[in-house]
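Peer 1: One structure follows; several queries about it will come next.
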2 protein chains.
Amino acid sequence: MALKLQVNTERLVRELEHLASYSDTPPPAITRILFTKPDLEARAYLKELFQEAGLKVREDPLGNLFARWEGHAPELPAVGTGSHIDAIPYAGMYDGTVGVLGGLEAIRALQQAGFKPHRSIELLVFTAEEPTRFGIGCLGSRALSGALSPEALRALKDSEGNSLEEVRQKAGYTGPLEEVRLPENHYAAFVELHIEQGPVLEQEGVPLGVVTAIAAPASLRVVLEGEGGHAGTVLMPDRKDALCAAAEIILGVEAFARGSGSINTVATTGFCEVHPNAINSVPSRVRLEIDVRDVEQSRRDQVVRNILQGVEQVCTRRNIRYSVEIINMDPPAKSASEVLRALVEACGEASVRFKLMVSRAYHDALFMARIAPTAMLFIPCRGGISHRPDEYASPEDIARGVQVLALTLAKLSQAEEKGPPKDEPLTLND
Amino acid sequence: MALKLQVNTERLVRELEHLASYSDTPPPAITRILFTKPDLEARAYLKELFQEAGLKVREDPLGNLFARWEGHAPELPAVGTGSHIDAIPYAGMYDGTVGVLGGLEAIRALQQAGFKPHRSIELLVFTAEEPTRFGIGCLGSRALSGALSPEALRALKDSEGNSLEEVRQKAGYTGPLEEVRLPENHYAAFVELHIEQGPVLEQEGVPLGVVTAIAAPASLRVVLEGEGGHAGTVLMPDRKDALCAAAEIILGVEAFARGSGSINTVATTGFCEVHPNAINSVPSRVRLEIDVRDVEQSRRDQVVRNILQGVEQVCTRRNIRYSVEIINMDPPAKSASEVLRALVEACGEASVRFKLMVSRAYHDALFMARIAPTAMLFIPCRGGISHRPDEYASPEDIARGVQVLALTLAKLSQAEEKGPPKDEPLTLND
């Protein structure tokens, strides 16, 4: 079967731009936080597009959105693709969205080419891949895969004290959270298209990355409690300044990552909140949130241990009370060989050069890998820049990714029932 | 003339507690920001009390509030007392308010004792001693003394972009700002009652402090601009992390103060705001606000120079763009000998032990000293704690301060026209 696929690049770019208009910050800065007005409006827009494409739309009680193209054998496990549309404050317009609208365009290209799927193809929009509102990333895919229980979901509160329960119900998602988790055999395969969010593809001039493993982050929340007071009258030796302790910890986080022995270790204090945050008041309390990643789990875990030890040392020396909460510390995921094989073959059919590579960003695919054979497809982004308003992927690169995604989905949807798993070794180019 | 003064401590404490109920945070945390609802309601409450005491109430276009007890010689320069009622976020209930309600109680005690003032006595409530809303402290007294011009006032904006002009007019203060500045001969003397906000009086067991000088702070605003990006994908050597640069500066501020050679040097980074402030995003921009104080101006200025140099070095090394704005760098004020003398004599009459001391906190008196002979009176506060919900001054200490304040106001109001100024040396016990 030789598929003649026509990706409508113009329409796809137009839709990406329209999706970007749902934002809480003026363009080009995109801010789209879970269950805010822009998020709900963007969801409505997508549902309309999905329905126009003849897909059957379903939403689960957490807001995960499924658009299904029914196959000839709807009783067989389906083939999934998709990504997320939420965006951290002042982010760009390609992170996640390319995998959602690109997934839709892949389906439309297959439809237009007269392709008829054997297994159903499902396009997913995951709820809250970004941790902005509830402090934990991949909320939707964690719940779908069972990595986050309904009890844990019910315990979540945002920084304003609203529980996820209130927030989702106000947004119209009222069903029992027990219905969110997917059975393990729901998908025969899952593949996520995403911008690289790193500089490798652009630097090496390779148009596609086939992801063999995802480096998962550990996230820590550190609360420091010192003693406040008047900035003029509390003498220096009497101070228990929570911000000075925080400053030492921030520099420690940086130093531990730099000193890990590998360029692949990154650690970031991305969040710092000071109380009472007034120029003439000694800071009494600081909350830090720290992200540590590595493709090598043991090395990452060593950095986390160094940070925990560093926090203890700084706080003991400075007489600061503290608490550390490990928000998550997920293992990395390895891609499934059958999905990789489909991707590699699709690249061949489309005559697109590719690179086997590792993802250092978090993705919903990390959790989908727990319940389905999973892999990812990366397209280059300018300067490796992401999570910023100037994030950019070219229409050509996006279209190339969509074409390979479509061919891959076609292959996977025609695949027979799986035999026993073959243990073929994968070489990671870490 | 021997005045028999009865300070109504119970009423004064009741009024302090009632004033504390006007707050944007639940008790015991007081938050009363310029021209917010609690601030306007507290002002209305005070005006009612002032009118009940027979005082003539006037407000200037900036919201400075004057309550005048007309003397026999209303044409002579008056005697002023007073303080402020605004409170930084999560502050306590005594800072400033003791000088306002204590000043009122002093006037009422004089009235009840049958005292008739020669010069008028004016009780002042200064607008925004705290810098919370417009980033600059002593807004009202700066403007009264001419240290801040109407043009400079009109240029002020709060962090949400509202100009002082809009904000004051919305609060009902609509007159021209040109009318705020007081003539130099408006007051024959000014004396401010305040809690110490430091531990000295309590530690030494002395019930009153007579302030011979006020150490004025320098305030700096530092904006750091690095480069944002995804916390997983931007490798450590490629980072321009604005928060890591900020952390070095915060530790530098602390180290320069500790290393100044004097226990009297304090420096604080009280404000730190991070952008975009998301756990998985490399901080691209940080704003710091830094407060530096010393009783010795040259030593303070050296610390400021060290900080400026430190910012430059850190930012050059880390490839971070930066700007530093010196918000203010006021000279210290020395108290006027004639006001000190009245205070010392009043302490003698009331048989209250006192200590000559220096103020390390900012006060409206610092600016009143530019247009009137000025001094301050300190009462102890528990543990030297201020700007915190557990700030506390005992009713006995407050009453003692009010009694001495009343005797001082009586003396100053009876004083004849000033002769040529006498240059008597003052010894500071720095």
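Cβ from N, Cα, C; glycine included.
Here the structure is a predicted model, which means the values were calculated and not measured.
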Peer 1: For the Zn(2+) 1 site that TrEMBL describes with B:His84, B:Asp95, which of these is also annotated: B:His18, B:His186, B:His194?
Peer 2: B:His194
Peer 1: Should any of the binding-site residues B:His84, B:Asp95, B:His194 have a Cα within 10 Å of the Cα of B:His387 (Zn(2+) 2 binding site), which are they?
Peer 2: B:Asp95
Peer 1: Which whole-number value in Å describes the distance between the Cα atoms of B:His84 (Zn(2+) 1 binding site) and B:Glu130 (Zn(2+) 2 binding site)?
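Peer 2: Counting only the Cα atoms, the answer is 9 Å.
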Peer 1: Between B:Glu130 (Zn(2+) 2 binding site) and B:His194 (Zn(2+) 1 binding site), find the distance joining the two CA atoms and give it rounded to the nearest Å.
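Peer 2: Pair distance, Cα basis, whole Å: 14 Å.
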Peer 1: Taking the centroid of the Cβ atoms of B:His84, B:Asp95, B:His194 as the Zn(2+) 1 site, which other residues of that chain lie with their Cβ within 8 Å of it, listed in sequence order?
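Peer 2: My list of surrounding residues reads B:Ser83, B:Tyr94, B:Gly96, B:Thr97, B:Val98, B:Gly99, B:Glu129, B:Ile195, B:His363.
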Peer 1: Under DSSP, is B:His84 (Zn(2+) 1 binding site) part of a helix or a strand, or is it coil?
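Peer 2: Assignment for B:His84 (Zn(2+) 1 binding site) reads strand.
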Peer 1: For B:Asp95 (Zn(2+) 1 binding site), which residues in the same chain are close in space, meaning a Cβ under 8 Å from its Cβ, but six or more apart along the sequence?
Peer 2: B:Ala87, B:His194, B:Ile195, B:Gln197, B:Ser386, B:His387, B:Glu391
Peer 1: Around B:Glu130 (Zn(2+) 2 binding site), how many other C-beta atoms are within 10 angstroms of its C-beta?
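Peer 2: So the number of other Cβ atoms within 10 Å of B:Glu130 (Zn(2+) 2 binding site) is 28.
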